[in-house]
Amino acid sequence: MGSTRFFLADLPTRTSESDLQILFQDYGHVEHVDLKRKEQDGATKVIAFVTVQTDDAQYCVNELKWQKLHGEKLRVSLAKESFLDRLKREREENQRREQGEPDESEVRAPSSQLLVQSGQNKRRVFGEDEEIGDDEVAPELLITKKRAANSMHNGRIVIQQEHDVKPLHVIEQHRKAAKQKPDANVSQAEQKRKESLNKMRQGHQQKKSAIQQALSVISVEGSQAKRIKFSDAEEEEASKPVQKAKIQKRDLFENDDDEEEEQIVLPQHKGKKGERLVEMQSKQSIDPRFRITSNFVNEEEEAELEDQPEPEESERKWHMNILEQVVGHAITSANDKDGKSPKNKKMLRFDPAKEGHQKLMRQKQPKEEEEKKEETSSTKAKTADAGNSQASAVSKTAFYIVTDTLRDSLNTRGEGFSLLDMFGSAPEKEVAKRQDQLEKLGHEKILVGKTSANKLGLATLNPFSYDSSDSEDETEVKPKQEQEQEQELEVSKENKAQPAKKSGQKRNKNKLESFFIPRNDPRLKEGAKFFKSTKAVVDHAEYDQVKNRLKLLITKKIAKAKKSLPSKDIKLQRNKKGKN
């Protein structure tokens, strides 16, 4: 007896090793029970490995599947061999082979009773009304009380033999109907039906094969298919012996010339009809079966194409050609430009966005450039006269000096490049000229108009602008303004008296003011006065005058106020009336 290992899955949580030993002890000696618990997702799973000494392990598995443990069915299967058991088994097999002993599988094959025993007498079907005595039933088919509850399956009692896997005894409610033998007429009709179906299939396949053979003859390159030519009976009889003679005279070694002679070349139509055919064929498929032939071209179309007259030249052109032959050269008329009709002429529209149309724009040159051009033209004329007077001409070729030593050449390169040396004077001379100009501007006087004086705050301030005595002060302010105007006129005369330098360029009409503020600028003096914290000097004479004016104003205002008040007599009358 060999030991086999069973695997039990999804066991109830309250199962123990003793329960499994009681369950398996009926089938053989229980060597080892290994119970394992595993927690997964909050639920405990219980599995077990049981090693039992049995001769038929498959029988145990099939019978245990029908039994229950703690109200749940068992899931039993043969466990895989462990690594150590497999090594042990392989070693034992190798030792037996070395000793010359047969394998266990060869020894156990004849001992299996499943193939030897036949199941004809071990399976019996009972009806509902039949009664069976205890003596008639074999002891192998009896069910013990212990396993009676677990032997029910789908409302039937299943009795299993020890060495048989399949159910042996099944009690059913109804007997199975015996198979009736087919009638002779029915079998003949069935045979006829099958024969007709086979004939239909064969005919369909023959049609398919015929179509395939026809297509295989026609090549894709457009080779001509075999064509059937209909002719009279007399012509057929005359042609038959000729074909036989040709067949008989075949040589053993055929030449390529014979194949070329067999090819038939169809005549292609020429002229306009042929062009029409080619145009129609180009629109169709390449397959030669659907090729368009000359029959598709209608006779009416041919007549139309032939009747179309060729375009005659106009009378004017004919006359022009005669004139050209007489004159001897081509004549181009104003109307004919590149053979285009005057209807197709279009007016050229000016579009300033396009680059080509910008050339049509007239570009206005400023006056200064025109004057410069005139000056340059005059200077060029003078230089030309001077050049003619010179006897010897100077060559314009450039010369380069190349030093022998590398040191000298590097020193010359380090000098650098300056535009002042080439086109202008040295910077020191320019600075000296600039300083002289600034000194001259510093001594000149700057004219400031009335509007600019108001902007700068240099206008005379009137402290009594809010007073009604402006009319009295106008007489005093006017002589001051007249004095300022006289000073401006004198300064302008002095500036005019200075001699003006002659120059080729025109003078600007607007007078320029220097960028730098001169020392004698009145704005600087007023600024200094504003920031100085000196005590105000008061003129007593002016103070007395202002005081007298204020007194007069106040007295006038008091007099006006008194006049507007009611008289004393009127007040007294009102008081009396109020008392009454």
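The backbone N, Cα and C atoms fix where each Cβ goes, glycine too.
The structure displayed is predicted, hence computed values, not measured ones.
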- Item | Selected residue, Swiss-Prot feature phosphoserine, from candidates S16, S196, S468 | S468
- Can you check which of S231, S285, S465 Swiss-Prot annotates as phosphoserine? S231
- If you average pLDDT over the domain 'RRM' (4-81), what do you get? 84
